[in-house]
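Written below as structure tokens is the structure these notes are about.
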Amino acid sequence: MDSLSESSTSSYHGKRPRSLSEESQSSSNMDDISQKSISLGDASEISKNLPSIAEQKQLIGELVNNQPELELGQVDNYILSYSWYERLCSYLAEDGPFPGPVDQEDIADLETGTLKPDLQEEIDFTIISRDVWDLLVRWYGLKGPEFPRETVNLGSESHPHLVVEVYPPIFSLTLLSTNAVDANESHKPKKISLSSKSTLEDLLEGVKYTLSLPSDQFRLWRVDTDQPLHRTIDPSSFIKINSKEIIDFLEKSKTLVELGMDSSCSLVAECMINETWPVDRALRLQFLIQQRNNQSSNEEQKQEKRVPGTCGLSNLGNTCYMNSALQCLTHTRELRDFFTSDEWKNQVNESNPLGMGGQVASIFASLIKSLYSPEHSSFAPRQFKATIGKFNHSFLGYGQQDSQEFLAFLLDGLHEDLNRIYQKPYTSKPDLYEVDEEKIKNTAEECWRLHKLRNDSLIVDLFQGMYRSTLVCPVCNTVSITFDPFMDLTLPLPVKQVWSHTVTFIPADTNLTPLAIEVVLESKAATIEDLVKYVAEKSGCSDYRKILVTETYKGRFYRFLTQLSKSLLMEISEEDEIYLYELERPYEDGSDDILVPVYHISDDSTNSANSYMSSRDFGHPFVLQLSDNEVTDASFISEKLKLKYQQFTTLKNLKNIDSLESLELGHEDEQVQKGPLDVDMDHSQTPLFEMRVFHDRFEKIPTGWNMSVSNLPLLTERDKKDLESTVDPLDAHSIEEEDDSEFKDVAPGSYPEPSKSNENTKLTAKENDRLLIQGDLLVCEWPEKSYQFVFSVAPSSPQMGRSLWLESKTILSDKKDDSEDSRTITLNDCLDEFEKTEQLGEEDPWYCPTCKEFRQASKQMEIWRCPEILIFHLKRFSSERRFRDKIDDLVEFPIDNLDMSMRTGSYKLSEKENPKLIYELYAVDNHYGGLGGGHYTAFAKNPDNGQFYCFDDSRVTPVCPEETVTSAAYLLFYRRKTS
């Protein structure tokens with residue numbers, strides 16, 4: 001199974017990569033894995049040693065900027081979970097909660113302690129230096145295994161290609177045994193791991209040691225089978241395995257990469273017994289048995305004779321992207337005939353500096369001959385892959401690749417190896433600045449002639465066409481017409497890529513009801529800023545900068561999305577709760593205002609008055625915006641809180657109620673205070689709710705994840721303490737391990753946050769007057785009676801308030817989200833989309849020769865010249881900024897009689913009656929699954945019998961032509977029909 005990356009794996013020379021996955025196979029070096037984790041008891045020590053966010057940024061930045069170059073053979077690279085890495089980045093950007101310990105469990109096979117297979121760089125993991133790794137583990141602790149990795153050279157000494165070996169090959173070892181008892185052993189095979197740059201001699205020594213072989217008299221078989229092997233196997237079972245080959249011991253000095261053994265595979269060791277190989281003896285015995293049944297065997301062989309061209313390709317480890325493209329290409333009749341007849345040898349160009357010395361053409365010819373040999377049911381293209389990888393390091397390892405990118409590289413390599421031009425002349429492509437049919441035709445012919453002066457091969461004859469591009473200046477209407485060759489035609493799919501979500505908007509005006517706003521944005525790469533502007537327009541908010549975007553979870557803030565232009569909406573999943581709060585005024589960096597998150601809990605009266613461990617969340621949190629003057633007045637803070645609470649209850653005079661006793665007596669009007677609340681009221685009066693304060697010195701706007709409400713100080717007590725006492729953060733805000741289940745189990749991780757309080761930092765005189773400072777969070781604790789009276793679900797008295805927490809007005813979008821509509825898309829629709837006029841973006845303007853300025857010109861594409869073999873690349877994968885997506889919609893395409901005549905510019909302008917451009921389908925390259933984990937297969941029509949077959953790596957089955965039209969179709973191969 002393959003995962004797909006729209007771009008090729010990056011290659012790094014010398015400098016350490018930010019993340020690199022040149023190797024991507026099923027296991028990791030088990031000798032390098034050490035299980036390290038941190039207990040809850042260790043968390044306190046870690047959090048005390050954690051520097052401030054600014055200090056962390058500085059220290060990590062210095063290490064990254066001064067990191068050394070990659071050194072061959074050094075194990076100084078570490079694989080880091082990308083999901084934890086993103087949480088860290090969000091935390092350091094003050095955009096998310098504390099990330100918890102370095103959590104590797106999502107990328108680790110916890111049963112074996114190894115790295116999970118098929119992981120993708122920059123999606124599943126990133127790679128950091130040892131120094132950065134050590135720093136992160138010291139600061140945050142470690143949860144799960146660590147994965148140190150070695151630097152290897154996948155190039156040559158003269159042209160080094162240093163990479164981090166993410167997946168060193170692991171070899172499963174099976175011993176061939178003639179002992180009936182041993183041969184029936186069902187234990188799993190033993191395994192050894194080596195670097196891909198180890199030699200064959202290193203491998204042989206490892207096999208001998210691991211299997212405890214008594215002597216050097218053994219030989220090694222490489223086996224490709226879908227059936228799992230056990231620790232031992234008997235000779236009769238072994239010879240039934242179709243795909244196996246003996247490893248040549250004469251090449252002991254060659255590396256595993258050079259031998260094509262740099263991916264994990266199964267090896268069978270066979271020891272000589274009495275100077276006889278057990279496999280040879282078993283084969284002779286099998287031959288004698290077949291001789292006895294010669295006649296029936298001949299009949300069976302006649303019936304089972306394989307059709308040439310129906311040979312599968314073994315998956316060498318994430319190579320189905322290559323296998324599917326090869327099956328499509330090798331079923332091109334003209335290409336097959338050219339290479340099987342050895343005609344290619346007369347045209348190979350070994351001196352072309354842009355070519356591969358004829359090596360790609362040679363290995364491709366060998367591959368085609370193997371695939372069309374009736375002897376093979378399946379073939380392992382190891383040497384082919386090794387040759388391709390030598391010229392393009394992206395395909396050297398076993399990482400996930402794009403089938404279209406591989407095909408483009410292979411066709412270009414074959415073209416240059418077969419280029420009939422030995423001395424390429426200098427040419428200059430003409431441009432046309434007027435719309436004149438005759439001049440357009442002449443310019444197109446000249447462009448093709450010049451192209452052929454430098455590029456002339458069978459590949460050009462078969463696969464290359466030409467398209468016309470027309471640009472029009474929006475200011476002066478200057479027209480520019482150019483012609484360029486293509487090998488395949490990339491077609492956009494006419495599918496709307498929309499982002500839709502229903503969010504909750506809390507107005508600043510407490511007399512207004514919260515709004516549930518349906519958001520539909522016509523770009524999956526839209527930003528938080530796009531969302532805020534949309535909500536501001538729909539809600540009537542005068543200034544979108546006054547809106548604070550948050551994600552909530554179970555009554556708490558999970559993160560604050562303050563990076564408006566940088567954060568993508570696609571980072572928000574369908575189930576995420578998004579709340580947008582309108583502030584009184586814009587809140588920007590440098591503002592004297594502070595934002596204080598407010599949580600609400602109701603006390604269970606069945607517990608003692610001094611215990612807050614049984615408190616429970618209710619409602620949803622909100623945010624108070626307080627100015628410099630407002631944070632010094634406890635009565636003002638209380639009044640402001642009550643005013644905000646009034647937005648969520650039908651009790652509209654809540655701001656005038658000052659105590660629990662006033663509610664119990666039911667004389668609300670008599671209890672109205674004419675002035676502000678006296679903080680030093682009679683202690684016999686129980687306040688409507690108590691304000692408790694939590695501080696986090698690391699988060700500008702704290703989320704309070706994993707905080708305990710036990711022992712939180714009252715806001716008024718904080719005032720009396722003069723805010724100068726130093727409080728041990730973990731003593732004051734410790735994690736309760738017994739009863740506070742409502743707060744412990746809802747968080748993403750189970751580790752405490754670091755240093756929640758002032759940590760030995762005394763406040764200045766100005767700060768000394770404040771009751772609240774930056775990094776504070778309020779927890780309003782409502783006694784049960786207050787809670788029931790103000791936020792009753794079913795009020796028993798007219799004087800009681802009914803809860804409005806769950807009530808909101810709905811605003812539907814005027815844009816319909818039809819992204820899930822089942823409208824049929826055809827190939828013609830895609831061609832229409834390709835031909836549509838579009839405006840260039842701000843980032844890629846065109847220089848107008850008349851205006852002498854860069855302009856966002858209009859651009860239209862048109863096929864001008866159709867090739868004999870027409871390959872359509874359906875653009876199912878999109879990439880905008882950090883977001884990548886796949887379109888899985890079905891595109892219906894014709895199996896026969898695709899008419900391209902009226903879509904081809906040269907045909908439309910031709911004066912004579914040329915034969916129509918009619919095409920028939922002969923191959924389809926399919927991709928199933930998404931970007932994070934998919935698989936390639938192919939449908940191909942046999943050139944001899946006209947039967948379509950499905951090629952799923954080594955498995956080959958016949959199919960009906962209609963079965964080739966699926967939503968997985970990625971590359972379509974058409975051949976022009978001739979008279």
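Indices start at 1 and increase along the chain as displayed.
Each residue, glycine too, has its Cβ placed from N, Cα and C.
According to Swiss-Prot, the feature region 'Disordered' maps to 1-36, 721-762. What Swiss-Prot records for SER19, SER37, SER39 is phosphoserine, and it gives experimental evidence as the kind of evidence. Positions annotated as domain 'DUSP' by Swiss-Prot, on the basis of sequence analysis: 51-152. The domain 'USP' annotation in Swiss-Prot covers 311-977. If you look up Swiss-Prot, you'll see CYS320 marked as active site, nucleophile, on the strength of sequence analysis. Annotated compositional bias 'Basic and acidic residues' per Swiss-Prot: 721-735, in sequence order. Here Swiss-Prot flags HIS935 as active site, proton acceptor.
Note on the domain 'USP' (311-977): mean pLDDT across this stretch is 83. Under DSSP, the residue listed as 'active site, nucleophile' is assigned to a helix (H, G or I) in the three-state scheme. Counting only the Cα atoms, the space from HIS935 (active site, proton acceptor) to CYS320 (active site, nucleophile) is about 7 angstrom. Ranking the active-site residues CYS320, HIS935 by the number of CB atoms within 10 A of their own CB puts CYS320 at the top. Look at the domain 'DUSP' (51-152): DSSP puts its residues at 35 helix, 27 strand, 40 coil. According to DSSP, the residue listed as 'active site, proton acceptor' is assigned to a strand segment.
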